[in-house]
Every structure is written in structure tokens, then in C-alpha cells.
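Student: Quick paste from Swiss-Prot:
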ACT_SITE  His162  active site, proton donor/acceptor
ACT_SITE  Ser287  active site, proton donor/acceptor
BINDING   21-22, 87-89, 114-115, Gln236, Ser288, 293-295, 332-336  N(6)-(1,2-dicarboxyethyl)-AMP binding site
Amino acid sequence: MELNQIIKSGEKMAVHPIDYRYGTPEMRKVWEEENKLEKMLKVEAALAKAQAELGLIPKEAAEEINKKASTKYVKLERVKEIEKQTKHDVVAMIRALAEVCEGNAGEYIHFGATSNDIVDTANSLLIKESIEIIEDKLKQLRDILLDKAEEHKYTVCVGRTHGQHAIPTTYGMRFALWAAEIDRHLERLKEAKKRICVSMITGAVGTMAAMGEKGLEVHKRVAEILGLEPVLISNQVIQRDRHAEFVFLLALIAQTLNKIGVTVRSMQRTEIGELEEEFDPTKQTGSSTMPHKRNPITFEQICGLSRVIKSLCIAEMDNIPLWEERDLTNSSAERCIFAEVCVLTDHILTLAIKGVKKLKVNKENVERNLELTKGLIMAERIMIELAKRGMGRQTAHEIVRQCAMKAYEEKRHLKDILLENEEVMKYITKEELEELMNPKTYIGLAPQIVDEVIKTLKNKKY
């Protein structure tokens, strides 16, 4: 049975996981065939309108084309039927539109244009819709992270570098750091839209030869009608550096979500246990064989799909060097790339919003881990204090380093080793050392930094 017969019979044939497992209805609706056809028809309508305004085609023809250039009249099934014969989707769309137009209006469809004027401009409309959805979800995630930063502004935890305990920080700092990064993605998208959301009505090789002297006016007017930026120059296609930038921006977003996911997963390790994603113990099952498991599956899915999104950058970058004025190698690739990158990015953003909102900070384990190294995370503070009190900084570093190594090897508390060191005790009393070893009083300006991030980001307008 041929694919078209299967589709016509109503038999489901979902193959790709974005058809049944990943993606939101909102983003899927953008990239479904019906909407793509709608956007192509919208471009044809804008072209006819612009040409009629400039006296290139009859006004009555443009009005009829604009009336009928919709999936209300032009059916996807009919376009597919024609495409079986033409082996060309844009020609099939043009003929299907011409069939429903009254009089001779159909003769003026696609006047002076080439297929990719329609396809590329329609894709820009689809990308614009996708960006709007992604921007909205980025704002949601940023605001949730800011709320978490405020909530945990004073939740002191161990900072880790190289996977090892470093010095104290706060969970407020971590959440604020992520919020600031998400906000930068909003900035990037805002700045890049003028390069990404563009239109092109320039003809077979970009010279506008078929459009005549009014070609530039038509080109600019179509962009105005559609709410896009007209490209400055093109050949037969909008240049793919623009599309590669778009895919790369979504991959950057995915990698930020990956970073958040990696941290959550690491902090949910049994022996760390500081963070935990939402888990419903009344129904949810973590393993088919280990009844006790509570796995960070939401953030694992985010991390896994971020790899797929990242891989799409390579495919789209390979679409930049097309032959001369263009070849068709980008077309088949982009039928996969654009839908996948948008649907998957939207999907993991949706997961991140829910996952971060319900994320639990286990403060008991956070407190336990602060003492896990028996005071070693306070070594920097002791060194700095000794330097402030007159011991040379380099000397202080070496003395505290030796004390820290001894504490580590003997599995003793750093404070006890320091109390035994005569050089250290010349500068610090026992009572002072007791206070200096408190990790909760060594978080620097973390609360103020978090406040500054919250204030700055919440006052931003996009």
C-alpha cells in the first residue's frame, strides 16, 4: 500500500517520535502540512496584492486570489493529487489555487516569482510563529528561575569545581545564573529576528528580471504586507547563513537546558541528594525491576534531546554552500531540520518549565554536605584572613594548604589541625577560628548579586 493510500484510508503511521511522543500541540500545529500550505498561499496572496497595487496585474484578479488563497478553499488533499503528476509541490499548490479562482484570476498567480520566493518566505512565517512560542516559554522559565532564586537566596550550599567541593555558595546564585543565561537567549532572538524573519520575491536567480522595473517595489511591499524584513540581496534562495543562525540559537537554548539538567541530575545522585525532581510515589514507577527507584527522567529527557537539537546545526550549516545560485540539496534536509529543531526545542522548554517549577531542594542534605569535607571548604577564608592580619598571602596559602592536606589524609576536621598550628594561632584566636569556620557566613555578596539579577531581569522589556 502506498503512503498516500495509507493516509487517505486514515490508518495511522507514526514513525518519528515527534509525531507521538515529543512536542506540544501548539508547536506541532505550526509545522503541520496544513499550516505550511496556508503560509505558502498567504505569500502568493501578498504577492498578488502588491503587484495589483503597482499596476502589474489586474486589481480584480488580485482580489480573487486573496479571497481564495486559503486552505478553506485550497485543500491539502487536492495539492497532493496534483503533485503526484507534477512532482513539484509549489506548482501543485499554484494549480490547486488556480482551480478555485473564478474567471481568469488564476492566470496571474505567481507572476514573476520562483518557487523559493514562496517556500522560503513561507518558512520565514513559520519560523516567526515558532520564535514567538519559544520566546514566551523562555520568559516563563526565566521568571520561574527568578522566583526560585529569591526563595533560595540564603540557602547556603557547597560550591563545586572540577566535581570537588570548593567554597560555599547559595542555590539562589545557581538559579539566578540560569535565569540570566535564559534572558540572554531572549536578547539573542530579539536581535537576530531581523536577519532570520525575512522575505524574498526576487525571481529565478535574484535579479528580479521577470518582475521588470517595479521588482524592488514588489519585493519590499510583499515584506511589508507579511510583517517581514525584505532581504537586501539573494539568488534563488534566502541565504542559509540566516537559517543556520536560527538553528544554532535554538541549539544554544537547548544546551542551557542541558546544563540545568546536568546539574539537577548530578545533585539528585543518592549520595548527594540536594535536588529532586517531582515524583508521584502513589503511581509513578522508576524501574521495571527495582521498585525503589526515583529517577530524574524529566531532566534526562531534556539532556538527551538537547543532543539531537545540537546535531541539527551541522545539517543546516551544510546547507550554506549551495551550488552557484542554488541547488536542491537544502530542501529535503530542511523539511526535517526546521520542524524537528522547533518541535524539540519547544518540548524541552516545556519540560524545563514544569521540572524547575516543581524542583525540590532537600535542605537537610544540603546542610549535611556542607560539613562533608570536615571544614576544608573554609580553607580559602582562613588563608585570606591570615593575609589580612599580616601573614604574607603566599605564606598563608602554603601553611593552610599543608594543614588542609594533613586534615584530608588523617580524616580530621580542618579546625582541629589549624588549632594545632602555632603560626596560624599567632594571628587568630580559638573563638575567632570557630566563627571563621562557619560556611553560612562565607557567601560573599551572593544575596546582593541575586537581588541585582532579579531587579535587572524583571525590569527588562521585550
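Even glycines carry a Cβ here, placed using N, Cα and C.
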Student: Expressed to the nearest Å, what is the distance separating Arg21 (N(6)-(1,2-dicarboxyethyl)-AMP binding site) and His162 (active site, proton donor/acceptor) at their Cα atoms?
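Tutor: Roughly 36 Å, rounded to the nearest whole number.
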Student: Cβ-Cβ under 8 Å from His88 (N(6)-(1,2-dicarboxyethyl)-AMP binding site), same chain, 6 or more residues apart: which ones?
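Tutor: Listed in sequence order, they are Ser115.
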Student: Checking the recorded positions His162, Lys293, Ser332, Arg335, which are within 10 Å of Ser287 (active site, proton donor/acceptor) at the Cα level?
Tutor: Lys293
Student: Including all protein chains displayed, how many Cβ atoms other than that of Ser287 (active site, proton donor/acceptor) lie within 10 Å of its Cβ?
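Tutor: I count 10 other Cβ atoms within 10 Å of it.
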Student: Quick one: what's DSSP say for Ser332 (N(6)-(1,2-dicarboxyethyl)-AMP binding site), helix, strand or coil?
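Tutor: SS state of Ser332 (N(6)-(1,2-dicarboxyethyl)-AMP binding site) = helix.
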Student: Tally every other Cβ atom lying within 10 Å of the Cβ atom of Arg21 (N(6)-(1,2-dicarboxyethyl)-AMP binding site).
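Tutor: So the number of other Cβ atoms within 10 Å of Arg21 (N(6)-(1,2-dicarboxyethyl)-AMP binding site) is 10.
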Student: Does DSSP put Ser115 (N(6)-(1,2-dicarboxyethyl)-AMP binding site) in a helix, in a strand, or in coil?
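Tutor: Once the DSSP labels are grouped into three classes, Ser115 (N(6)-(1,2-dicarboxyethyl)-AMP binding site) ends up as helix.
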Student: Of these recorded positions, His162, Lys293, Arg335, which scores lowest on Cβ atoms within 10 Å?
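Tutor: It is His162 that, of the recorded positions His162, Lys293, Arg335, has the fewest other Cβ atoms within 10 Å.
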